[in-house]
Amino acid sequence: MRLDQRCIVEMIKPQSKILDIGCGDGSLIDYLCRDHQCDARGIELDMAYVTQCVGKGLPVIQGNADFDLQHYPTNGFDYVVLSRTLQAVNHPKEVLQQMLRIGRHAIVSFPNFGHWTLRAQLLFKGRMPMTTVWGKYWYETPNIHPCTMTDFVHLCEVEGHRIERWMAIDEQGERAPWRRYVRLANFFGEQALFLLTR
Amino acid sequence: MVISEKQDEICETNQDQLIQKLVFPEGITLESGKIIAPLEIAYQTYGQLSEFKDNAILICHALTGDQYVAGIHPVTKKPGWWSKMVGSGLPIDTDKYFVICTNVLGSCMGTTGPRSIREDISQPRCWGAEFPAITIKDMVNTQKILIDYWGIERLFAVIGGSMGGMQALQWAVSYPDQVYSVMPIATSSFHSAQNIAFNEVGRQAIFSDPDWRDGEYWRYGVTPYRGLAVARMMAHITYLSEDALNRKFGRKLQESLKGSSLPIFGDMFQVESYLHYQGSNFVRRFDANSYVTITRAMDWFDLSQTHDGDLVKAFAPVQSRFCVISLSSDWLFPTSRSRVIVQALNRVGAKVSFVEITTDKGHDAFLLEEPNLDLTIQGFLVGIEEQRRLENYAS
């Protein structure tokens, strides 16, 4: 499981009901169902992943975060997870609203565009940054709405979503507890993870 | 329900085939209020029913299918229609599951239908065109009689493609606590105007055959085989995709025509003789009145009909786990119709998986070699088995 997914599991109480949007190969819901006694389901855009997930016995539907969340009932889930997908949806603000309508909590992880290496690449090379997380040329990337941690905090303030917990994590290493301030985390954190409540 | 002395016997038919059948003298009351009695149900089972009767999978066949889902068909001597899917070690594993397939009500492979002898009148004779209109729900209720007879309280899964998928959906709605999981494949929650239109062309072809004789052809010892063959040819086109037809036949001419002049009559292209073959094959095994009866049942199907047109309300009672499967090149029941089902199920909070299988073989692809379909069906069954174990463990 990816590091951000391990951190997500830590945020989820056992026996909860979870919807994982953009569940990929289903490793998070697989873990939540089998080892965390959760009722977890997924939505995934890529049919190859969906087929793989259902073939493994995981409850996953092929669908799109931008359109399909409206079909889920209000308060249908304890947690709605969006890991590394926010930057790739068409309407991030609306997707967040839907997540907090159908779930009591929303867990959002995204690659932080405010990381110093990205800032440096843009500043010194004058080109769109490329790192392990942002590993594609600007014309190939599915990411259409990259944001920084500060941007995300701002969106939550505007929308009135309460930030219950947040953390900045590195791709390789462990979570860095010394990053207590969003501005510093925004500079040093490669990935961001937020637990939101209505 | 009182079951006749003939129960569980294996009946000899006039074709000398062995058909597993049960006879229920009290019959069935249809949705229309009409009664069909006695009711014969022809079925085929594979595998063993477990001690707790918790491993039964009901497979529902499509419009012109039959109960011979696996093994060798006793009439055609060909493999059963889903013999690639159902059997020992196959995705629907008969070493693990007790697989049941019944011939649907109104059909002509042993279950009571227009070709059956009517015994509720002083002089018994064929039902023929007097066979009452039936619905998909009536077909499901017929299957339910058999399931109850065997004392199976809960089916582990109901699986079906096309019309079989409609039955699977109807099971989940009609008997929510008796179906653990449901797998509707290449199907829809309603028959669209286009679907009805295709069926109507088929029926009109049958009606316009001089041998149709208002559905009383059986009295005269004739069959409207030309009309029925045309109906089948037309329907067969809707089962295939344009790509599949092009790949198989393209514009290839008949061998005998190469280099000769343009004929008006007779087969010119290979696709024509293929369709003729499909049509003539079909009339040998299918009854025209059954075709009319069953296509009507499909046309009438709309799960939301008794719920103010709201599919979400129809799905409100469901408890089953669903795996909805569509086929990317199916234009008879396109993926958009499966999405309607999935969205309505999501609205009621049902546990649903949804996969679109990428294939260029059209609607019929669910009967053909499709590794991803096998993987999906097997994976789903294994998954729900594990979930049931976890639930049982928790309780």
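Glycine residues also receive a Cβ, built from the backbone N, Cα and C atoms like all the rest.
In TrEMBL, annotation is done automatically, which means it is predicted and not curated.
Taken from TrEMBL, the feature active site, nucleophile applies to B:S162. Sequence-distant neighbours of B:S162 (active site, nucleophile): residues of the same chain at least 6 apart with a C-beta under 8 Å from its C-beta are B:A62, B:L63, B:I185, B:A186, B:T187, B:L332, B:F333, B:H363, B:F366.
DSSP assigns B:D330 (active site) to coil in the three-state reduction, outside any helix or strand. Around B:D330 (active site), a 10 Å sphere centred on its CB holds 28 further CB atoms from the protein chains shown. If you look up TrEMBL, you'll see B:D330 (among others) marked as active site.
Residues or ranges marked as active site by TrEMBL: B:H363 (among others). Within 10 Å of the C-beta of B:H363 (active site) we count 24 further C-beta atoms, all protein chains included. Under DSSP, B:H363 (active site) is assigned to a helix (H, G or I) in the three-state scheme.
Around B:R232 (substrate binding site), the same-chain residues at least 6 positions away in sequence with a Cβ under 8 Å from its Cβ are B:T64, B:G202, B:Q278, B:G279, B:F282, B:V283, B:F286. The annotation substrate binding site is assigned in TrEMBL to B:R232, B:D364.
Under the heading domain 'AB hydrolase-1', TrEMBL lists B:55-369.
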Secondary structure at B:R232 (substrate binding site), reduced by DSSP to three states: helix
Integer mean pLDDT for the domain 'AB hydrolase-1' (B:55-369): 94
Alpha-carbon spacing, B:D364 (substrate binding site) to B:D330 (active site), which is rounded to whole Å: 8
